[in-house]
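Copied over from Swiss-Prot:
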BINDING   75-76, HIS82, HIS88, 114-123, 148-150, ASP275  substrate binding site
BINDING   HIS82  Zn(2+) binding site
DOMAIN    41-184  domain 'SIS'
DOMAIN    210-268  domain 'CBS 1'
DOMAIN    277-328  domain 'CBS 2'
SITE      LYS59  site 'Catalytically relevant'
SITE      GLU111  site 'Catalytically relevant'
SITE      GLU152  site 'Catalytically relevant'
SITE      HIS193  site 'Catalytically relevant'
Amino acid sequence: MSTFDLQPGVDFQQAGKQVLQIEREGLAQLDQYINEDFSRACEAIFRCHGKVVVMGMGKSGHIGCKIAATFASTGTPAFFVHPGEASHGDLGMITPQDIVLAISNSGESNEILTLIPVLKRQKILLICMSSNPESTMGKAADIHLCINVPQEACPLGLAPTTSTTATLVMGDALAVALLKARGFTQEDFALSHPGGALGRKLLLRISDIMHTGTEIPTVSPDASLRDALLEITRKSLGLTVICDDSMRIKGIFTDGDLRRVFDMGIDLNNAKIADVMTRGGIRVPPNILAVDALNLMESRHITALLVADGDQLLGVVHMHDMLRAGVV
């Protein structure tokens, strides 16, 4: 790294705030460019039967990657192609059903200009995003989106700062407008984010994490209280379910109920579980979202739920299962 002498009188905080002010003013100018061309771009992308192919060089390319990713995760299939690679074979990734969104602040990116005749020959719709509608790219575009800003936040006027922020925001405006047009939902978003926290919350169902079969702590109504306590200890879920031979739920007994029994002075060896159980028990269907089941647990101040179809016991889920699955 090159070394420089610290300039006298430099106020880092003031410099940072000045950048924010300049970029805020630049973004405020974008409002005038959300116009008929913007609507035409949205309509074209909405009706596109292929994908949106985003292109850009340098900093515009980095911003283009983010715009393509935002499109893809909000219901608009998209990917990024580097213009330099496109002119050496990657142009074959683009089909006549696609739309190209080309980004260049100046509108004079040589790498993109080289591709335009080929795109035109294939009748591929070209949307250009630049600061100059009269630029070569602006004139060649089927639709031009202006991202002109008064000044860069860089005091030298060289490093792309305000202009790249404006480009990113215009991309967000397109993506969100299309999201609304598609009626895109949280569930749709989760389908493309199954590995994230939101995906787990919106996709994971109780049936995916519940204990089933021999993992379920159960005893018959004729069992002794002592046998029920042994079952609670063996299965380590903090409860046992009292069921008949057909696994129909008769009641539930938890470690919290045990404290109540001790206070009552009941004989553990002679008492029947049916005499001290809580009838019913809080139940949820197997298709309920895990996050909704967790909310129910928290609202009822309990740590486990029965999973059932009516009176038929299907499984048990504990708060710890939620933690392991990353729902919390």
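Cβ coordinates are placed from backbone N, Cα and C, and glycine is handled just like the others.
Shown in sequence order, GLY26, LEU27, GLN29, LEU30, SER131, THR162, SER163, ALA166 are the residues of the chain, 6+ apart in sequence, with a C-beta less than 8 angstroms from the C-beta of VAL149 (substrate binding site). Put simply, GLU111 is the one of the recorded sites GLU111, GLU152, HIS193 whose Cα lies nearest to the Cα of GLN122 (substrate binding site).
Look at GLU111 (site 'Catalytically relevant'): DSSP puts it in a helix. Ranking the recorded positions LYS59, HIS82, GLU152, HIS193 by Cα distance from ILE116 (substrate binding site) puts HIS82 first. Per DSSP, the secondary structure of the domain 'CBS 1' (210-268) breaks down as 24 helix, 16 strand, 19 coil. For LYS59 (site 'Catalytically relevant') paired with HIS82 (Zn(2+) binding site), the C-alpha to C-alpha distance reads 12 Å. With respect to Cβ neighbours within 10 Å, the recorded positions LYS59, HIS88 differ, and HIS88 shows the lowest count.
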